[in-house]
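Participant: Sequence annotations record features per position, and here TrEMBL assigns Zn(2+) binding site to 356, 358, 361, 387. What TrEMBL lists as domain 'tRNA-guanine(15) transglycosylase-like' is 13-417.
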């Protein structure tokens with residue numbers, strides 16, 4: 001795996017491409033970018049055939065140990081790894097510890113173990129069991145074991161220090177097995193940077209992790225709701241200064257467009273794409289604008305991007321301020337989406353987003369989505385997930401274009417503009 005940077009904007013925002021991905025090295029991924037979020041290898045609501053009708057999907061698929069761990073015996077019997085087990089033949093497989101869209105109970109880590117939560121409850125993992133699972137899954141990338149329970153604002157300094165120490169000890173154990181096991185040849189392990197909201201511990205974690213032979217870095221403990229954006233940006237700025245330029249930085253648990261923009265400006269390369277799923281589960285559609293093209297004709301003809309919305313001044317949006325969202329993002333609507341369950345859409349015969357090239361917007365109207373939602377039809381989730389995934393990928397494409405053309409400020413104004421958004425919450 002090799003990271004080639006083409007631009008660094010304002011000393012932090014990084015534009016480039018990750019090349020040589022996967023065991024065979026034939027894949028690449030543009031940065032800044034996001035991973036493909038899945039539940040046990042499947043994008044929620046979408047079959048593989050439906051998914052692959054979409055353009056410009058990420059080349060890296062994320063699976064989580066929390067959903068796979070309880071199926072270890074089946075995978076060991078299958079022997080050919082999770083990619084083939086789930087029918088994911090042409091993708092880079094990344095295995096994270098936890099599902100970013102689901103909050104986990106705290107208080108279940110020890111000096112020697114971490115816990116993940118599957119459908120059957122808690123599964124306790126030692127480093128040996130963790131690495132045995134990774135052998136079974138056969139990922140191309142995987143996150144090292146980590147004690148990530150220090151994101152709560154009232155966590156003591158002593159507990160944060162212990163978290164950093166444990167995470168480094170876990171990484172050393174994982175690296176030893178990784179180095180001495182032929183099964184991991186060609187795979188990359190990502191070291192985890194912890195430290196809660198304490199700058200000194202964040203820096204110590206970053207410096208020590210950077211000394212290890214890791215393929216990249218996971219920045220943990222910054223998830224939405226755990227701290228306000230100003231503090232998050234300050235800490236990420238400090239952390240990325242300690243990390244080598246030639247390795248990717250993956251930020252866990254952050255997905256809202258405004259937060260993505262701030263974190264890219266602080267030096268983050270990759271994100272987990274769980275936000276479209278959360279929006280879909282709320283019965284909502286992403287509708288924020290990210291068009292930075294000065295040519296309306298060019299903008300309107302772009303099939304794979306979602307373009308500027310008609311202004312709807314009669315539909316005010318109640319915006320959630322940064323840091324105010326619940327950790328379980330599925331319970332809180334944001335200002336970047338429209339609530340299609342609202343009665344105002346029952347006779348609205350426009351597409352979700354004017355100019356969007358996704359299957360849903362080309363073939364269906366807001367009124368139809370409203371009907372599907374209020375009658376609890378499964379098709380509602382399918383169509384919303386298609387649109388929300390396409391919209392989110394279009395946003396990252398616009399983000400890379402903005403970095404390439406010095407239009408990051410314009411993109412930020414477009415994304416944060418409230419005048420372009422359709423209605424939000426029900427009265």
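Keep in mind that glycine also has a Cβ here, set from the backbone N, Cα and C atoms.
A TrEMBL annotation is a machine prediction, not a hand-curated record.
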Participant: For residue 356 (Zn(2+) binding site), list the number of other Cβ atoms lying within 10 Å of its Cβ atom.
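Facilitator: Counting Cβ neighbours of residue 356 (Zn(2+) binding site) within 10 Å gives 25.
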Participant: How many other Cβ atoms are found within 10 Å of the Cβ atom of residue 361 (Zn(2+) binding site), counting all protein chains shown?
Facilitator: 23
Participant: Average the pLDDT scores across the domain 'tRNA-guanine(15) transglycosylase-like' (13-417) and report the rounded value.
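Facilitator: Mean per-residue confidence for the domain 'tRNA-guanine(15) transglycosylase-like' (13-417): 89 out of 100.
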Participant: How many neighbouring Cβ atoms, not counting its own, are there within 10 Å of the Cβ of residue 387 (Zn(2+) binding site)?
Facilitator: 27
